[in-house]
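Enquirer: Submitted below is the structure of interest, expressed as structure tokens.
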Amino acid sequence: MVAEKPKTLTSLEGDDKLNSNFVRDEDERPKVAYNEFSNDIPVISLAGIDGEKRGEICRKIVEACEDWGIFQVVDHGVGDDLIADMTRLAREFFALPAEEKLRFDMSGGKKGGFIVSSHLQGEVVQDWREIVTYFSYPTNSRDYTRWPDKPEGWIKVTEEYSNKLMTLACTLLGVLSEAMGLELEALTKACVDMDQKIVVNYYPKCPQPDLTLGLKRHTDPGTITLLLQDQVGGLQATRDGGKTWITVQPVPGAFVVNLGDHGHFLSNGRFKNADHQAVVNSECSRLSIATFQNPSPDATVYPLAIREGENSIMEEPITFADLYRRKMAKDLEIARHKRLAKEEMPFKELDEAKFESKSIDQILA
């Protein structure tokens with residue numbers, strides 16, 4: 001019998017055994033501890049990026065994108081006080097009673113708000129996390145009724161944080177554009193009217209962290225992601241298809257930059273799309289704030305620069321909406337096969353499994 005899916009992870013506090021909804025297959029379980037840190041991911045200072053150090057900084061970023069698709073940046077222009085406020089208010093939200101958090105429940109296709117694990121329907125196993133999602137750009141599409149009004153002041157701080165992260169993202173996209181031999185704003189223009197989504201992840205203490213994940217292995221669909229994480233540790237990356245993993249060393253005040261699928265395709269595969277996951281632990285909770293910089297749904301996805309002797313890695317141009325739908329459909333197909341294997345579902349039942357048609361706004365929720 002399948003256990004009922006919890007509406008908050010707070011309701012599971014004190015359990016000494018992991019709820020069966022969160023138990024991963026053995027091949028998906030963590031292979032490296034949350035605090036077994038690696039220094040393989042470079043930490044790059046952006047100080048002087050608009051001056052004489054620009055060439056050196058660009059070289060380091062390009063090397064990281066070609067090697068891992070992940071790097072960390074410091075001296076990025078986002079103030080320490082703003083980072084501290086955003087982090088503090090986020091933790092205060094997740095400490096609220098369940099009924100307060102569930103006022104912003106985003107299940108059922110709502111655009112933004114609070115949910116446990118993931119917005120995707122059809123997932124076999126849940127991720128051990130609670131999240132709050134903000135759709136922050138374009139600014140005229142912000143729905144403040146879906147932005148939590150507690151703790152007091154979080155909306156204002158999130159607005160400022162969103163604006164600063166948009167500026168930082170455009171700076172980094174300019175570097176990558178130059179590296180591809182294009183004009184400074186080439187990647188930003190390829191996004192058309194750039195979307196931004198902020199996802200605040202809270203990973204509570206877990207009774208059996210060796211059996212689950214905070215966030216399953218994936219690549220991000222968009223252009224780049226800027227991740228602010230606390231000092232606990234849990235972000236992991238692989239560059240050999242999951243054979244070996246490293247845990248990214250947290251750096252105070254740094255942003256981890258992940259290249260996404262869109263950035264990978266625009267570079268014709270030159271820049272890797274970061275293959276990563278999040279693990280949890282039984283000692284303490286962890287907080288991270290991911291800011292996803294995505295192209296608009298109707299933006300064309302196709303390599304912007306194809307080097308001599310290379311062919312395009314894409315057969316034809318498609319829209320970002322179509323790219324994302326294909327990615328989601330593939331993920332859900334894998335999930336269905338896993339469910340079939342675990343529950344021995346009849347093929348007829350598998351064919352009739354619920355798969356709702358969603359708008360791109362709901363898909364990117």
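For all residues, glycine too, the Cβ spot is worked out from N, Cα and C.
Pulled these features from Swiss-Prot for this protein:
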| type | residues | note |
| --- | --- | --- |
| BINDING | His218, Asp220, His276 | Fe cation binding site |
| BINDING | Arg286 | 2-oxoglutarate binding site |
| DOMAIN | 191-295 | domain 'Fe2OG dioxygenase' |
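Could you place the listed features in the three-dimensional structure?
Expert: Neighbour list (His218 (Fe cation binding site), Cβ cut-off 8 Å, at least 6 residues apart, same chain): Asp275, His276, Gln277, Asp331.
The number of other Cβ atoms within 10 Å of the Cβ belonging to Arg286 (2-oxoglutarate binding site), over all protein chains shown, comes to 26. According to DSSP, Arg286 (2-oxoglutarate binding site) sits within a strand segment.
For the domain 'Fe2OG dioxygenase' (191-295), the DSSP counts in helix, strand and coil order read 9 helix, 44 strand, 52 coil.
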Enquirer: Over the domain 'Fe2OG dioxygenase' (191-295), what does the predicted model average in pLDDT?
Expert: 97
Enquirer: Can you check which residues sit near Asp220 (Fe cation binding site), meaning Cβ under 8 Å from its Cβ, same chain, 6 or more apart in sequence, and list them in order?
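Expert: Those within reach of Asp220 (Fe cation binding site), by Cβ under 8 Å and sequence separation of 6 or more, are Asn258, Gly260, Asp261, Asn273, Ala274, Phe292.
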